[in-house]
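Over in TrEMBL, the protein carries these features:
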- 50-154: domain 'Expansin-like EG45' (DOMAIN)
- 168-251: domain 'Expansin-like CBD' (DOMAIN)
- 1-25: signal peptide (SIGNAL)
Amino acid sequence: MAPSFRPLLLLLASLLIMQTMAAEAETCTDCFIHSRAAHYPNSDEQGTDSGACGFGSFGATLNGGDVSAASDLYRGGIGCGACYQVRCTSSNYCTDKGVTIVITDQGSSHDTDFILSKQAFGRMAQNSDAAASLLALGVIDIEYRRVSCSYPNKNITIKIDENSNYPHYLAFVIWYQQGKRDITAVQLCETQNFVCKLLDRSYGAVWTTTSPPSGPLSLRMLFSGEDGDETWVVPVNNIPHDWKAGETYDTGVQVDV
Ligand SMILES: *[C@@H]1O[C@H](CO)[C@@H](O)[C@H](O)[C@H]1NC(C)=O
């Protein structure tokens, strides 16, 4: 009798193992994911000042120049400003820690998820000789995971786009996005009667509206996590009623969500 049960037991056991593995894969938000990375071909050590996120020249020096273009992780611009730990996998050249980069651009090359600034690419190496070897390889195997962005001594800052036209058209970029969540919606509210207007994501990290509300403007940013958690963050500082194209305004808040 017993032998006829054996195949059934084996089947049950393997089903159980498969289920456990699937559950682990689903809950594994901090795990590294295998991929490939390249580096910018230009001679610039740091990032690009014409990246698809709309950060302009700020994007070249953000995070000390440890920045990257993303392919699928660009996510229609939602991925702009997100931080990832990226490490290469060759034990001859690479450190375990790798480098923490900020997404400032969109692009892919040879099935890569990231095109890092040269500086960031070299930072994954154990020393300068190893960095030179990595750079010479051009495209390498990596592992990555989303991490929290942290800018000590920096508040989230609003940079009014040069193309804004007071008071008819307002466009701005959000600098120093912090934490591990995406900014998925932005509102401007009048401080007097709380009329609010939802902005459009023009592209990348650029938010725009025609006929913005008037008076000092209270900003609201919706931070959304992978787990579905959503939080509206309302900074202490308002954007002044006489906002100017090209100006930056400190929101007075740091975010760690
Ligand atoms: C950030 O905002 C706070 C007010 O909330 C302010 O005291 C502080 O000086 C700001 N930090 C920077 C670096 O601007």
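Backbone N, Cα and C define each Cβ position, glycine as well.
Remember, TrEMBL labels are computer predictions, not curated facts.
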Reduced to three DSSP states, the domain 'Expansin-like EG45' (50-154) has 30 helix, 32 strand, 43 coil
The DSSP breakdown of the domain 'Expansin-like CBD' (168-251) into helix, strand and coil residues is 0 helix, 45 strand, 39 coil
In the domain 'Expansin-like CBD' (168-251), averaged pLDDT is 96
